[in-house]
């Protein structure tokens, strides 16, 4: 499924949490110190970047959304540097200033694109300081569609229940990047985005995919969350909701240089997409792509809308939406129909994809907004075509089909005909290639009874999988 970026400029998001300054000192290393067995870095570059909740806010602004930021800072030079950093990027701060405590700073010493040392300057904030911050932000809820709680366990978000309840009362969705062993303090939030380590701190060791889903569902029920997105490093992400099948989204990252701030990027992209009108699966796919971009950068970084567009155009078919299960597709179709999109469906074995197939699928896609391709499983192809078929396994056939620009979803079916799955999905238009009569097309009667249409398209003459196989064998 192609991912449509929403109008990010419509997104209005409030970010509350642990703000910090990521400071970088970088330079070459050519010798070992005579004082101790450590490298000497000749510092040639100084750079400050907003970090923590501040990084979430500037990611939203960089994508094109409107972000307001609330956090706790000290009365120091670091707070001034942080303020300047976010204002330069279009984010206005709403600080609760605390005397006698430093603004949280993480100083990284770098050489040859490698981190040699990190120094942390911080003191935890008190319950009273946290409550003062959250109370200060409540009026901002009238101005936004989504609120983000960015919790780094530094004390800015200790007991956020009053904030979450106030947001819910105003219809503002609360997204949480959580920390700690107790998720009950986030009760009532719309969505949590723990990474796998954070998730296992709460639920214990995850033994399997099914175990992950079951434990996440337990948290949704126990704490009244609507959804949970578990980020899983090289395994991608898993979205669990209360009433839909889980959605596994494979990673799109090809190179990983630095995971600093990757979690900030995920929740900022999610918040911006949701505030701009994307549904959850689309928002998660956007966040997954954004994370794949940012981990290829060094240090705390942001992602632009242009980078997202370029990445999505390059990685179509790798976002986890191309090849889907029947249940996932049924949910996606509901969302497509709510958006008023015209859905076209076709089916076939597509054993060896050739020019005739590509032309046919392009014709089918041109008849609507979305195209479903239902593919016979290996067992089904063997029954229909005989021994030696299929040449390509179903996962390979589905992968190739999903990579086509004309194809939105690819779904397998086990029967000899797609009548059952067509009857369940009921597309707006069912198409079939060849010399079929409309009344003979499997699932056609059900589609027409539901108000849909059935159409026969022509294949290009002289091109077929069977002919290709015969030609290959004749030339061996």
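Placed from the backbone N, Cα and C atoms, the Cβ positions cover glycine too.
Here is what Swiss-Prot says about this protein:
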- 264: active site (ACT_SITE)
- 195, 196, 197, 198: ATP binding site (BINDING)
- 1-319: region 'Ribokinase' (REGION)
- 345-476: region 'Cytidylyltransferase' (REGION)
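Mapped onto this structure are the features recorded in Swiss-Prot.
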residue : record           : contacts (Cβ under 8 Å, 6+ apart)
195     : ATP binding site : 230, 231, 232, 233, 263
196     : ATP binding site : 206, 230, 231, 232, 233, 235
197     : ATP binding site : none
198     : ATP binding site : 178, 179
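Take the mean position of the Cβ atoms of 195, 196, 197, 198, the recorded ATP site; other residues of that chain with a Cβ within 8 Å of it are 194, 199, 200, 201, 230, 231, 232. As a summary of secondary structure, the region 'Cytidylyltransferase' (345-476) carries 54 helix, 26 strand, 52 coil according to DSSP. Around the residue listed as 'active site', taking its Cβ as the centre, 31 other Cβ atoms fall within 10 Å, counting all chains. Secondary structure at residue 195 (ATP binding site), taken from DSSP and collapsed to helix, strand or coil, is strand.
DSSP assigns residue 264 (active site) to a helix in the three-state reduction. Across the region 'Ribokinase' (1-319), the prediction's mean pLDDT works out to 89.
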